[in-house]
Amino acid sequence: MTNIVFMGTPDFAVPVLRQLLDDGYRVVAVVTQPDKPKGRKRELVPPPVKVEAQKHGIPVLQPTKIREPEQYEQVLAFAPDLIVTAAFGQILPKALLDAPKYGCINVHASLLPELRGGAPIHYAIWQGKTKTGVTIMYMAEKLDAGDMLTQVEVPIEETDTVGTLHDKLSAAGAKLLSETLPLLLEGNLAPIPQEEEKATYAPNIRREQERIDWAQPGEAIYNHIRAFHPWPVTYTTYDGNVWKIWWGEKVPAPSLASPGTILSLEEDGIVVATGSETAIKITELQPAGKKRMAASEFLRGAGSRLAVGTKLGENNERT
């Protein structure tokens, strides 16, 4: 039987690991990122993949730097015939890439060569795409640049968020892997090189990218909000204080004003001018130091002092 080492870290990777086990493959070890401190008490929390592996009694390795010989040699000690990765979070060294009989394959959440990198789901929505997908490909030393084995398209709905699309792609990736592995192990797949000139990139999200730029068209701001929902969440500022913007809707602008201007205060939201004739109605927000709430609740309380004509985003420095 084929010895498989699975490498993955976040929730996205869990259905992929489960699929391997459900299909009866022998997963001899799981490699994931180290536990991380979270919350106010900074208690160490294990990655979701570690939790899943421990449910099945699978040995778990948590290297801090997989490219260090003493760390990747622990993986090689399990004599993998195949390494399967899904959102692992570290680039593998050549010694690992070359070792398995069937190679190293990766489940990547985009239609490669588009959206290489660590945040392809965010960028697919942020860029207003109507479809994305999953690619299973051989791993190479260059990030997400290996030859492709299989691919499946997944439509992006108008109301999809990074959360809903994440779950769709994770499920699609698990199913695609289930269909791909028998063909790979039987030698019935012809790898397809990626077209480098068509490559685009989706690097990890930076904190400053969470800020809403009200000068952008309303459609782009709507895509930004849903691309960052429910993590890491967009924000704007009002009177020097941060407002996290959890959700908003596109609405026709009732009047023209400079971007960021509050155009109207409605029962269910705050309508804000953008760089186009499409305004954004903020329907769910989290003012600094407060809980997440519906805009209607906010407007009945602390937001009752808001006035039409006030500007959002004047102080763009996040505190």
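Keep in mind that glycine also has a Cβ here, set from the backbone N, Cα and C atoms.
Here is what Swiss-Prot records for this protein:
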type	residues	note
BINDING	Ser110, Leu111, Leu112, Pro113	(6S)-5,6,7,8-tetrahydrofolate binding site
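The DSSP secondary structure for Leu111 ((6S)-5,6,7,8-tetrahydrofolate binding site) is coil. For Pro113 ((6S)-5,6,7,8-tetrahydrofolate binding site), other Cβ atoms within 10 Å of its Cβ number 20. Counting neighbouring Cβ atoms within 10 Å of each of the binding-site residues (Leu111, Leu112), the lowest count belongs to Leu111. Listed in sequence order, Arg116, Pro120, Ile121, Ala124, Thr132, Gly133, Val134, Thr135, Ala202 are the same-chain residues at least 6 apart in sequence whose CB falls under 8 Å from the CB of Ser110 ((6S)-5,6,7,8-tetrahydrofolate binding site).
Within 8 Å of the centroid defined by the CB atoms of Ser110, Leu111, Leu112, Pro113, the record's (6S)-5,6,7,8-tetrahydrofolate site, lie the Cβ atoms of His108, Glu114, Leu115, Arg116, Pro120, Gly133, Thr135, Asp144, Gln151, Gln194, excluding the listed residues themselves.
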